[in-house]
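Pulled from Swiss-Prot, these are the features on record:
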type	residues	note
SIGNAL	1-25	signal peptide
TRANSMEM	31-51	transmembrane segment
TRANSMEM	68-88	transmembrane segment
TRANSMEM	100-120	transmembrane segment
TRANSMEM	132-152	transmembrane segment
TRANSMEM	160-180	transmembrane segment
TRANSMEM	206-226	transmembrane segment
């Protein structure tokens, strides 16, 4: 039953993505960054891609049944980050969708899933670009997931509820993606008066009006999706050690996953 529901969910998510129209959004556009900065961000994300590949390979090898959930996390990221809403100055803002995957599989796996999502969007939706793939991956698929996963673990360690942990992870992971993108643009294009700081504040201000409510909405949506997974796919969440289950001595999973 769950697999049938998951396939239907994936189909609907991809159908929604196909209807998304290209627009200038917060992803840095093709050719916008100078060559030296574009190359710099590729070098920065390369170790995360290597780590992410190892993490995904280990997870899938340990439990092949998690492939469907991994695909769902990627589809969720693809669709949410492709839903562009009008912002000021004729640009667009959009959710990122990285919080769910970060909570489920950790930040390493999301560096790969997010990178694949950004590559497809650059090729199919004219969203972002190939030359700026490194920069966009660092902001949305590295910083965002690390912040999301770190907050999730912190809230859970402080005995916070699961819905609160997921909400904060998705919301602040989204916001930090845009803070990072603003910093990347500011480093490449510092203001004549005020330098990098002034330029960063300017870029952040452009998107703040729409991005804050979008991030909060993404937080609530991610909680809803997580609750559905907890209801209809509890076994996989137990395998990932997200929800309590039987220990290995009791016949449960060993839970040795690289996150």
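A Cβ is built for glycine as well, from the same backbone N, Cα and C atoms used for every other residue.
Within the chain, the transmembrane segment (160-180) has long-range Cβ neighbours (under 8 A, six or more residues past its boundaries) at 26, 95-96, 98-100, 102-103, 138-140, 143-145, 147-149, 151-152, 204, 207, 211-212, 214-216, 218-223, 226-227, 230. In terms of C-beta pairs under 8 Å, the stretch of 31-51, 68-88, 100-120, 206-226 lying closest in packing to the transmembrane segment (132-152) is 100-120. Note on the transmembrane segment (31-51): residues 108, 111-112, 115, 129, 131-135, 137-138, 141-142, 184, 187-188 of its chain, located 6 or more positions outside it, place their CB under 8 angstroms from a CB of the stretch.
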